[in-house]
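**Q** My questions all concern the structure below.
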Amino acid sequence: MYFIFSTASLSSVTLIVMTNTDHPNQPNPPHLHTPVLCQEVIDGLAIEPNGHYLDATLGRGGHSRLILEAFPDVRVTGIDLDEEAIAITQENFSLMGDKRLQVWQGNFADYPGEIGEFNGIIADLGVSSPQFDVPERGFSFRHQAPLDMRMNREQSLTAGEIINHWDQTSLADLFYQYGEERRSRAIARRLVQQRPFETTTELAEAIAKCFPPKQRYGRIHPATRVFQALRIAVNDELGSLERFLEKAPHWLKPGGRIGIISFHSLEDRRVKYSFRDSLLLDVITKKPIIPQPEEEEKNPRSRSAKLRFAQRKPL
């Protein structure tokens, strides 16, 4: 099998054009990830022949693949900050022999999009399931790993840096604002007393001790909100989302649609009000689209997903 990867430097990111002339009917590669709300995304984008679409959170390429399957002349530009996700996506689409995907490595808020470039845009926010399932990335408290949580391995700020060096007040504010954690002050106080922490499991155990025993073993782990807050802070997720929401409507052709999947209220509120207040967009979904019970049963991680759509106004 012969792969061609042509790269061109683009400020601090890389544009990667992936092509493969062999095995066009290759079966699905083993690393392909099935995203949430598949049919709802495809229906909402209203994909057109010869359209150009932006997958702003490429990951393992699940949504991109669904878009490309709609018509043989559809093209997709995919964005991802995670170098490991990019590498796996390269392998996936090369094995499938699909030449219609371009990948731009970087933060979606920094993408230099052109006015009217895309027929549609999709963004699936947060951490993907494969990232959670790789222990050494440090996103999950269910695996012992270093306190990392970086999407971009080249940046210096890690979860360990925050936990072990921020002052108590700053930690409490972080847990409350980004994790909506009501016990934020008590948790911050305990962590400052017990630090330094080196691993995810060590940190999760310390957080759990801030809760009454009967609340430590419920459906939602006591450390969930703190870990969410740390991940958001490490990767500037909300700041990046706000910048993306400001830029993305300009990249749509008239009538083009943008859909965003969020997984917690901090993201969803920003998407909701950005769509509502935009002078360029008409809201399509008055209420968010949520997974059907069958999908939640097959994929429990989908249960908190909310999908909102808006459409670019005519000129």
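Any Cβ shown, glycine's included, is placed from N, Cα and C.
Straight from Swiss-Prot, here's the annotation block:
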BINDING   Gly61, Gly62, His63, Asp80, Phe108, Asp124, Gln131  S-adenosyl-L-methionine binding site
COMPBIAS  301-315  compositional bias 'Basic residues'
REGION    291-315  region 'Disordered'
**Q** Can you tell me whether DSSP puts Phe108 (S-adenosyl-L-methionine binding site) in helix, strand or coil?
**A** helix
**Q** Near Asp124 (S-adenosyl-L-methionine binding site), which residues of its own chain have a C-beta under 8 A away, given they sit six or more steps off in sequence?
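**A** In sequence order, the residues whose Cβ lies under 8 Å from that of Asp124 (S-adenosyl-L-methionine binding site) (at least 6 apart) are Pro35, Val36, Thr57, Gly59, His63, Ile261.
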**Q** Rank the binding-site residues Gly61, Gly62 by how many other Cβ atoms lie within 10 Å of each Cβ and give me the one with the fewest.
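**A** Result for the binding-site residues Gly61, Gly62: minimum number of other Cβ atoms within 10 Å at Gly62.
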**Q** Tell me which residues of the chain lie with their Cβ under 8 angstroms from that of Phe108 (S-adenosyl-L-methionine binding site), as long as they are six or more apart in sequence?
**A** Ala56, Thr57, Ile79, Leu81, Ala123, Ser240, Phe244
**Q** In the structure shown, which of the binding-site residues His63, Asp80 has the fewest Cβ neighbours within 10 Å?
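**A** Among the binding-site residues His63, Asp80, the lowest count of other Cβ atoms within 10 Å belongs to Asp80.
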